[in-house]
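Engineer: For reference, Swiss-Prot lists these features for the protein:
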DISULFID  C38-C63  disulfide bond
DISULFID  C42-C59  disulfide bond
MOTIF     38-63  motif 'Twin CX3C motif'
Amino acid sequence: MFGLGGAAPQISSQQKLQAAEAELDMVTGMFNQLVEQCHSKCINKTYNDSEVSKQEALCLDRCVAKYFETNVQVGEHMQKMGQSGQFMGRQ
């Protein structure tokens, strides 16, 4: 009532823009890291064929799946740590 009490402060447009930019940077960085790691692991350094082989495609598929699964698991673990009040280096 009347702006007093438990109302959360409004986030400004500038803060929303900064948060969106930070999220975009994070997603772009994660994508670039994924491409670099899976490409170096799965694609032969000397291209013998103009198309991705079945073996390379399977490796890439597994690499991407593992990468995302790992990120989900890490995110869930960090969320649990945050909810329980644990922080890095402290248990």
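Using the three backbone atoms N, Cα and C, a Cβ is placed for every residue, glycine included.
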Engineer: What is the three-state DSSP composition of the motif 'Twin CX3C motif' (38-63), stated as helix, strand and coil residue counts?
Structural biologist: 15 helix, 0 strand, 11 coil
Engineer: So of C38, C42, C59, which of the disulfide-bonded residues has the fewest other Cβ atoms within 10 Å around its own Cβ?
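Structural biologist: Fewest other Cβ atoms within 10 Å, among the disulfide-bonded residues C38, C42, C59, is found for C59.
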Engineer: Name the residues of the same chain, 6+ apart in sequence, whose Cβ is under 8 Å from the Cβ of C63 (disulfide bond)?
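Structural biologist: Non-local contacts for C63 (disulfide bond): Q37, C38, K41, C42.
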